[in-house]
Amino acid sequence: MGKIENNERVILNVGGTRHETYRSTLKTLPGTRLALLASSEPPGDCLTTAGDKLQPSPPPLSPPPRAPPLSPGPGGCFEGGAGNCSSRGGRASDHPGGGREFFFDRHPGVFAYVLNYYRTGKLHCPADVCGPLFEEELAFWGIDETDVEPCCWMTYRQHRDAEEALDIFETPDLIGGDPGDDEDLAAKRLGIEDAAGLGGPDGKSGRWRRLQPRMWALFEDPYSSRAARFIAFASLFFILVSITTFCLETHEAFNIVKNKTEPVINGTSVVLQYEIETDPALTYVEGVCVVWFTFEFLVRIVFSPNKLEFIKNLLNIIDFVAILPFYLEVGLSGLSSKAAKDVLGFLRVVRFVRILRIFKLTRHFVGLRVLGHTLRASTNEFLLLIIFLALGVLIFATMIYYAERVGAQPNDPSASEHTQFKNIPIGFWWAVVTMTTLGYGDMYPQTWSGMLVGALCALAGVLTIAMPVPVIVNNFGMYYSLAMAKQKLPRKRKKHIPPAPQASSPTFCKTELNMACNSTQSDTCLGKDNRLLEHNRSVLSGDDSTGSEPPLSPPERLPIRRSSTRDKNRRGETCFLLTTGDYTCASDGGIRKGYEKSRSLNNIAGLAGNALRLSPVTSPYNSPCPLRRSRSPIPSIL
């Protein structure tokens with residue numbers, strides 16, 4: 001092999017788009033995939049070209065030595081030889097123009113930005129590419145996401161905010177066509193952990209496990225079935241009737257005044273006592289509503305998959321507190337003792353808790369949930385708004401107090417006859433009303449200096465409130481659009497995964513068809529480890545018939561859909577190093593948060609955790625410098 005020249009041109013064919021650059025350019029970012037590719041000598045078993053048709057190079061005179069089995073290194077990584085082309089993630093060939101051409105089956109548009117990062121040292125995020133795709137490409141090329149320029153960081157981070165919002169508004173997603181799978185996934189989504197054991201050996205236990213998720217979804221998820229929609233409409237009806245009854249109880253037309261005066265013998269005076277009672281019709285209506293709420297509450301707590309979480313839920317606490325006073329009031333109404341009357345008076349005051357039932361509508365209306373999440377996500381903006389208002393109120397209340405004292409009479413030192421602003425705390429109320437542009441008119445300045453302060457206060461209030469409000473509105477728009485998109489998300493189905501080619505097939509391991517041999521991401525040929533590839537296909541398709549391999553548990557078969565779920569379910573993922581140099585791999589395989597494993601068939605080598613065998617035809621490459629890019633290891637997309 002000849003000495004590598006830094007000014008030698010290299011042609012990178014990425015997804016059919018050819019990019020031409022120098023080896024010195026690729027070496028500007030040590031530790032990345034392209035830097036390792038540029039630092040190594042051309043392997044001997046790569047394909048050469050004759051015209052436009054790729055042909056295998058002549059076989060070596062002696063068979064290459066077999067490399068020992070790969071052993072897991074730190075963090076679950078595999079270290080071993082990296083002499084052949086496929087282990088480097090690309091397919092190389094001699095180009096007639098004199099340069100080396102390497103083929104990578106990756107996204108060509110994103111690679112243009114990656115290559116510009118090598119040229120200019122600045123990594124920008126394309127605006128027309130989805131964030132997870134760009135993140136996946138950065139992970140493949142071994143580039144740290146923190147290298148993204150500040151001008152593009154917000155654009156790059158938008159997909160994670162969207163994923164978090166989609167997690168909040170998660171709706172039922174059915175991933176298969178089998179009704180049994182639908183029930184299992186629904187049970188898993190509703191909190192039933194043992195979704196795979198719905199039909200246990202005990203008949204009674206099996207019936208309970210089948211009934212529990214259905215009843216829970218019936219009262220908790222209005223979109224699970226038609227019966228659930230009917231229950232939701234009934235609950236909505238009783239909530240509105242209960243709130244209407246609560247409001248009508250305060251109207252004079254539904255109040256009955258009764259004389260409760262008790263005659264006293266030998267008394268010198270008579271004290272009249274009157275008591276207001278509610279119309280019995282409203283009491284009966286409220287009783288019917290309470291019976292429904294009691295039935296709903298008991299059913300939900302009995303069939304709840306997690307009793308502790310159910311009890312700690314704020315809406316459930318409100319529901320219980322709104323139900324309990326009615327039964328206590330009915331039980332104590334027949335008692336005439338003073339203690340019972342005091343308790344009844346307290347319970348009548350607690351009746352206002354019934355108005356909080358309006359928050360139960362958040363279960364049935366997406367808009368109310370959007371509003372709640374918007375308020376929660378805009379906490380910083382609300383805090384900033386309160387600070388601005390507090391500063392303005394303090395400043396203008398002080399200014400109006402001293403401005404209105406101008407022109408006070410000498411015989412009126414407190415200026416109580418001259419102005420309504422007798423002290424600064426009273427000015428707080430005026431400043432709040434003025435800054436919020438309400439203007440009740442109960443207090444107003446009367447001097448020219450006070451009018452000037454009032455005008456400045458109104459202008460400052462308009463500017464102060466106008467600054468944080470657009471951020472809150474944008475949050476609401478983002479949450480609402482994502483919630484609507486989540487609801488309209490089509491029914492998911494299992495992806496079609498073609499079967500593995502047989503050894504007798506004419507297309508088995510042909511280089512012209514770009515099979516697993518000499519592919520971009522594959523480290524082994526189908527003929528070398530067909531059993532491993534068959535197992536990987538069965539893992540991706542959810543098939544349990546993988547020979548001697550143990551079946552996967554139901555949580556492992558559930559699709560990875562969200563960034564938070566991917567972080568929780570990550571268990572020592574593997575990555576494959578390109579050289580035998582001392583390289584540090586993170587425990588999570590170097591895959592960053594929010595990065596989902598690729599579903600490509602060319603990326604599944606080693607998914608089962610079996611030992612891979614690489615057969616280099618050249619001596620392993622020894623890097624001149626230690627490759628320790630701990631923040632950005634070079635993972636295979638696994």
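From the backbone N, Cα and C atoms, a Cβ is placed for every residue, glycine too.
Per-residue pLDDT, averaged along the topological domain 'Cytoplasmic' (1-229), amounts to 67 for this model. Taken from Swiss-Prot, the feature topological domain 'Cytoplasmic' covers 1-229 (among others), and the record attributes it to sequence analysis.
Per Swiss-Prot, compositional bias 'Pro residues' is recorded for 56-72.
Annotation source Swiss-Prot lists compositional bias 'Gly residues' at 73-83.
The annotation transmembrane segment is assigned in Swiss-Prot to 230-250 (among others).
Here Swiss-Prot flags 284-303 (among others) as transmembrane segment.
Taken from Swiss-Prot, the feature topological domain 'Cytoplasmic' applies to 304-313 (among others), supported by sequence analysis.
Swiss-Prot lists 314-334 (among others) with the feature transmembrane segment, giving sequence analysis as the kind of evidence. If you look at the transmembrane segment (314-334), the same-chain residues 6 or more away from its ends with a CB under 8 A from one of its CBs are 286-287, 290, 293-294, 297, 300-301, 340, 343-344, 347-348, 350-351, 353-354, 356-357, 359-360, 362-363.
Under the heading transmembrane segment, Swiss-Prot lists 346-368 (among others).
Residues or ranges marked as topological domain 'Cytoplasmic' in Swiss-Prot (evidence: sequence analysis): 369-381 (among others).
Remote same-chain partners of the transmembrane segment (382-402), defined as residues 6 or more beyond its termini with a Cβ less than 8 Å from a stretch Cβ, comprise 375, 421, 423-425, 427-428, 430-432, 434-435, 445, 450, 453-454, 456-457, 460-461, 464-465, 467-469, 472. Here Swiss-Prot flags 382-402 (among others) as transmembrane segment, drawing on sequence analysis.
For 437-442, the entry in Swiss-Prot reads region 'Selectivity filter'. Across the range of the region 'Selectivity filter' (437-442), the DSSP-based residue counts are 0 helix, 0 strand, 6 coil.
Taken from Swiss-Prot, the feature K(+) binding site covers T437, L438, G439, Y440, and the record attributes it to similarity to another entry.
Proximity of distant same-chain residues to the transmembrane segment (453-473), defined by a Cβ-Cβ separation under 8 Å and at least 6 residues beyond the stretch ends, is recorded for 374, 378, 381-382, 384-385, 388-389, 392, 396, 399-400, 403, 431, 434-437, 444-445. The transmembrane segment annotation in Swiss-Prot covers 453-473 (among others), and the record cites sequence analysis as its basis.
The annotation topological domain 'Cytoplasmic' is assigned in Swiss-Prot to 474-638 (among others).
The feature phosphoserine is assigned by Swiss-Prot to S600.
Sequence-distant contacts of the transmembrane segment (284-303) (same chain, at least 6 residues past either end, Cβ-Cβ under 8 Å): 211-212, 215-216, 219-220, 234-235, 238, 241-242, 245-246, 310-311, 316, 319-320, 322-323, 326-327, 330, 357. Compute the center of the Cβ atoms of T437, L438, G439, Y440, which mark the site for K(+); besides them, the chain residues with Cβ within 8 Å of that center are V433, T434, T436, G441. The Cβ of Y440 (K(+) binding site) lies under 8 Å from the Cβ of V433, each on the same chain and at least six residues away in sequence. Sequence-distant contacts of T437 (K(+) binding site), defined by Cβ-Cβ distance under 8 angstroms and a gap of at least six in the same chain, are A458, G461, V462. Neighbour density for G439 (K(+) binding site): within 10 A of its CB lie 12 other CB atoms from the protein chains shown.
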